[in-house]
């Protein structure tokens with residue numbers, strides 16, 4: 001936001017305060033001033049000149065010899081090459097001895113035999129950016145408007161207000177109230193405790209009513225809470241007076257014509273976007289605001305043909321769009337030199353609708369920037385009256401009485417209770433309620449004492465003030481951050497410790513790293529196709545309202561798709577051994593249309609591909625397989641103290657190998673799975689043989705951990721027995737081990753698998769599983785007979801329950 005120091009003085013008396021002091025004060029109060037720009041880039045001795053005579057140069061086709069009155073006894077002769085120079089003009093003249101930006105000094109000269117005593121200047125030569133110069137003067141000298149009263153010899157630099165400073169404000173998103181001159185004036189009024197002077201808005205209306213010219217309707221009051229149209233007849237379109245042009249250029253806006261310039265001026269003054277339509281070009285007495293139709297065509301003021309969508313809001317003449325609401329007007333209803341009657345639009349559009357509309361159009365304007373952040377809806381009509389007043393003053397318009405209005409605003413006062421004790425405790429002050437009330441009055445926030453609290457009514461212009469803490473900040477800003485007392489923190493020092501969940505998370509990640517895995521971190525947003533890849537049938541992927549791209553349009557429902565991408569990325573770069581884990585959130589919802597927040601679930605995913613362990617110097621390699629992955633899972637459960645509560649049962653899942661997929665159960669409830677990726681999926685994704693695991697971390701951390709029990713080093717020897725059981729292929733090792741443990745009683749210390757065999761010499765549909773069993777008595781030496789008796793009992797029980805046969 002660019003703020004002219006001279007313009008600012010129209011609203012508040014600050015002539016005794018320098019721009020540098022203002023910048024320092026505002027920066028210290030929370031609104032940063034990035035730069036102070038001086039409009040005069042080094043120009044001196046430039047005056048108003050009257051071109052009395054113009055004659056062609058006798059020896060140069062493109063030069064003219066001008067006799068110019070510059071307020072001295074005699075006219076001066078100046079040779080000028082501008083194509084638009086003509087007698088009867090008032091122009092800016094750099095006298096002999098003057099200096100112009102860039103260190104140029106004007107001297108007496110002789111051009112093709114003709115004396116030249118000065119220079120008729122363009123605005124660019126006075127240091128004004130070409131992008132801000134009115135289009136009619138881009139390629140020539142500047143000519144003062146006929147309506148402007150100037151005299152030869154007047155200081156032209158003062159008329160152009162080049163002896164001005166411009167403050168560049170770096171506003172944070174919450175301070176959109178300072179995106180206009182009055183907002184900055186309110187801020188300074190609070191900082192310096194000075195009154196505000198409001199602009200003139202009283203319009204001379206005629207008896208003729210606007211009702212006979214225009215009527216207004218809106219399709220949706222939420223999209224358009226307020227819309228007002230004024231009608232102004234008999235306007236004379238022409239250039240704006242210099243003071244208006246100067247202020248627009250100081251704010252970084254190019255002057256166009258008096259009516260359009262007024263709308264831009266009020267935008268900068270009130271922060272209220274306005275738009276002027278040519279009444280006759282509207283070709284209708286109706287203005288209707290609605291959503292655009294699918295594929296509806298519309299040409300904006302910049303000449304671009306645009307295809308609209310129902311997400312965009314348009315102003316129509318009842319038939320077709322005449323403006324992209326809150327963003328830009330239409331080419332066919334713009335104000336031109338032929339315009340005589342103007343319809344002045346002043347409206348409040350919903351910020352989100354304008355933001356979406358501007359984004360879809362790829363078009364961001366000064367108007368949309370203000371609508372997006374929210375405008376003061378209570379000042380819309382006042383801003384319209386201000387614009388009507390200015391048009392009446394500088395374009396000779398006749399303002400018809402009344403206005404066409406559609407009003408769906410919901411009016412409510414924002415009253416916040418300020419607890420004085422809490423405020424003083426928070427900001428470290430000891431202010432009385434009277435002192436705080438005085439600060440609120442400086443902000444022009446009405447307030448009253450209710451009990452021990454101060455009830456503050458927040459004006460609509462300050463949309464950033466919504467909670468007591470916002471008022472605390474305002475008090476601290478006005479009181480002065482530098483004045484806040486310095487105090488040391490008070491409190492008892494306590495030894496910090498991790499929560500149980502933090503400790504488990506650290507143990508889990510430490511174990512995974514020790515198992516040789518590397519951590520991966522991927523985006524929580526994915527494509528809709530990947531989000532649906534592993535989602536349960538009841539889970540509906542959640543679409544982001546305004547995604548940056550299709551690849552980041554949906555909240556993920558699984559960690560695996562991105563791990564697949566990472567694995568493929570590594571394989572494509574000849575890194576064939578990929579051992580990864582990722583811990584992150586997934587977002588789950590069963591709603592087709594989201595009305596409640598989705599469930600955010602923390603998960604752990606593991607991906608293994610290639611070689612798990614390699615010792616080249618020994619010639620040893622171990623490729624990843626299902627049992628390596630299951631071993632990592634079992635080690636993790638042991639680390640978390642959950643081994644006895646976990647079961648692994650065969651499972652079938654889409655996208656995974658039907659014979660190498662297991663459901664992971666915690667106390668009978670599924671918390672995830674481990675599996676080999678199906679060969680067809682591996683081929684489609686350019687993966688090698690790949691194994692994955694995905695677990696619900698929330699469920700793991702919520703489970704009751706088994707207590708660690710100390711067991712001393714055994715004092716008595718153990719006896720080991722082996723057994724090889726031939727069972728059906730459907731019988732799992734886990735089932736056999738459960739029977740063995742139950743039948744073994746107290747004497748059985750451990751049981752482990754040391755061999756699984758299928759193939760030659762084995763009956764069809766059968767497999768052999770060999771177990772090693774260790775027996776030990778806790779209080780004495782176990783005899784061989786006791787161990788044999790226990791072993792035979794186990795064999796008998798296994799045979800009874802499963803039909804197993806001892807393998808010879």
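A Cβ is built for glycine as well, from the same backbone N, Cα and C atoms used for every other residue.
When Swiss-Prot records 470, 473, 474 as binding Mg(2+), the matching candidate from 464, 482 it lists for that site is 464. Taken residue by residue with DSSP, residue 464 (Mg(2+) binding site) is part of neither helix nor strand, so it is coil. Around residue 474 (Mg(2+) binding site), a 10 Å sphere centred on its CB holds 25 further CB atoms from the protein chains shown. Within 8 Å of the Cβ centroid of the Mg(2+) site, not counting the listed residues 464, 470, 473, 474, the chain contributes 462, 465, 469, 471, 472, 477. Within the same chain, residues at least six positions away from residue 464 (Mg(2+) binding site) with a Cβ under 8 Å of its Cβ are 174, 175, 176, 177, 470.
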